[in-house]
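Here's the structure, in structure tokens; my notes come after.
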Amino acid sequence: MSTDEGQAVQALPGTQDGRRSRGYLALLRNRAFFWLWLGQTVSGLGNGVYSVGLAWVVYSVTGSSADMGLIMAANALPQLLLLFLGGAVADRYTRVVVLRASDLGAAVVTGAMTLVTLAGQPTVPELAACALLLGVTTAFYNPSYSAVSGDMVRRADLPEASALLSVSANTARIAGPAIAGVVYGLGGIRASFGFDALTFLVAVAATTAVMRHLKATRPQAGQLRTATGFASSAWAGLAYLRRTGWLKVLIVIEIVGNGATVPAYLVLLPEVVRSLHGSANELGALSAVQVCASIGCALILGRVRGRFVAGKQLYVFGAAMGLGVLAASAYHENRAFVLIAALLVGSGFAIEVPENTLLQTLVPREIISRVYSIAIALSYAFLPIGLAGAGLAARSLGPGPVLAGGAVLLLGALVLLALSRPGRAVLTLSAASGAEPAPGGASESES
């Protein structure tokens with residue numbers, strides 16, 4: 001382990017012990033984590049309903065993809081601009097309180113839009129304003145939510161916690177749009193906004209229950225002493241990234257994946273299916289296969305122990321993503337390659353389990369939300385560029401070469417990283433690499 005990794009481990013209080021994880025059911029008996037997981041799963045379903053309803057009403061009212069792009073940009077801009085501040089706030093105050101405030105703010109925004117829609121069809125400026133305000137709440141929500149599970153579960157249970165949160169997100173991803181069709185059919189866009197507002201209120205109630213089950217609701221130990229102001233506090237995460245080799249490796253994998261590999265697959269899969277004379281139902285089935293593969297692999301990774309440590313999982317599941325996109329590039333050879341691609345790409349998305357496990361166990365708790373905010377910003381800043389670039393490149397080259405190029409970039413990056421000194425060190429990292437954290441306000445309540 002490198003010096004930087006040793007410093008990260010030493011920053012985690014407590015002592016390392018041999019206690020083993022207790023499994024998913026036992027983890028869900030931790031009431032604080034259970035309410036967090038349940039509330040955010042319900043909220044995720046509401047977000048899926050909102051997204052589908054929003055897209056449908058925009059295209060119904062204006063028929064303009066430019067208007068949809070404007071609304072999406074209005075949502076993304078505050079997330080990028082305020083993400084570092086959101087990380088600093090989450091580290092300075094109790095994370096679950098920040099999480100509850102973010103959900104409450106989102107409930108107010110979507111509730112207000114529900115009232116607006118009662119008066120008639122919403123306008124594009126009104127929808128853009130709603131998206132902008134939701135982007136502000138998301139900028140504070142993401143760093144808090146990413147880090148909060150480590151405040152309430154034992155280190156030994158962190159892989160399972162990461163897996164269950166991954167399952168929550170993927171369940172919402174596949175069930176949300178299905179529910180959206182029913183909700184929109186019953187009441188149009190006002191029902192979509194109202195449903196989303198209701199799920200945010202469920203999340204607020206759940207985070208309130210989380211606070212009751214935590215042993216303390218004050219800021220985590222040491223947080224108020226980390227910086228004298230928010231500006232210097234926000235830069236602390238960047239300073240940690242600059243001196244931490246394994247974190248750089250993780251972020252490089254994310255940047256290449258989100259900047260080249262994933263965008264090529266997301267943009268060009270519909271074109272691949274269409275070129276094979278497939279239908280929308282076939283495209284939906286491939287998406288379902290992808291999500292199910294991701295859920296299955298996440299649940300397996302949450303229980304894996306022994307030599308297949310989290311660092312090795314990063315490389316293996318990153319490679320699965322690259323190989324899946326490479327298989328998709330050979331779609332003209334055999335239709336089976338498209339199904340193989342969905343299975344491998346879905347498996348590759350389970351990489352978030354070892355990523356979160358390493359971040360939760362190696363990054364000092366007093367700066368973890370700031371580190372998450374940087375990782376999120378750097379990882380997803382390249383996604384819009386990749387999405388646009390994949391579409392433009394496919395016009396000239398066709399989908400096959402663009403898919404192959406995105407796959408080769410990720411696979412090549414993984415090989416080069418594995419040959420580097422920090423990359424080799426990552427291969428040895430696991431949840432056991434860090435000392436047992438003293439979760440600020442953590443509860444082991446089983447009742």
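Cβ atoms here come from the backbone N, Cα and C positions, even for glycine.
Listed in TrEMBL:
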TRANSMEM  32-58  transmembrane segment
TRANSMEM  70-90  transmembrane segment
TRANSMEM  97-118  transmembrane segment
TRANSMEM  124-142  transmembrane segment
TRANSMEM  249-268  transmembrane segment
TRANSMEM  283-302  transmembrane segment
TRANSMEM  314-331  transmembrane segment
TRANSMEM  337-359  transmembrane segment
TRANSMEM  371-394  transmembrane segment
TRANSMEM  400-419  transmembrane segment
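Cβ atoms under 8 Å from those of the transmembrane segment (124-142) belong to residues 54, 57-58, 61-62, 67, 70-72, 74-79, 81-83, 85-86, 89-90, 98-99, 101-103, 105-106, 109-110, 112-113, 116, 372-373, 376 of the same chain, restricted to positions at least 6 beyond its ends.
Within its own chain, the transmembrane segment (371-394) has Cβ neighbours under 8 Å at 76, 80, 83-84, 86-88, 90, 142-143, 146-147, 237-238, 240-241, 247, 250-251, 254-255, 258-260, 262-264, 266-268, 271, 359, 363, 401-402, 405-406, counting only residues six or more beyond its boundaries. Within the chain carrying the transmembrane segment (283-302), a Cβ under 8 angstroms from the stretch's Cβ atoms is held by residues 24, 159-164, 166-167, 170-171, 173-174, 269-270, 273, 313, 317, 338-339, 342-347, 349-350, 352-354, all 6 or more beyond its ends.
Sequence-distant neighbours of the transmembrane segment (32-58) (same chain, 6+ residues past either end, Cβ-Cβ under 8 Å): 64, 67-68, 71, 96, 103, 110, 121-122, 124, 127, 131, 145, 148-149, 152-153, 161, 164-165, 168-169, 171-173, 175-177, 179-181, 183-184, 188-189, 191-193, 195-200, 202-207, 209-210, 213-214, 442-443, 445.
Most Cβ pairs under 8 A with the transmembrane segment (400-419) among the ranges 70-90, 97-118, 314-331 are made by 314-331. Sequence-distant contacts of the transmembrane segment (337-359) (same chain, at least 6 residues past either end, Cβ-Cβ under 8 Å): 146-147, 158-159, 162-163, 165-166, 170, 246, 250, 253-254, 265, 269, 272-273, 276, 286-287, 289-294, 297-298, 301-302, 310-311, 313-314, 317-318, 320-325, 327-328, 330-331, 368, 371-372, 375, 429, 431. Within the chain, the transmembrane segment (314-331) has long-range Cβ neighbours (under 8 A, six or more residues past its boundaries) at 249-250, 253, 257, 261-262, 264-265, 268-269, 272, 275-276, 297, 301, 308, 337-338, 340-351, 354-355, 358, 399-404, 406-408, 410-411, 414, 417-418, 426-427.
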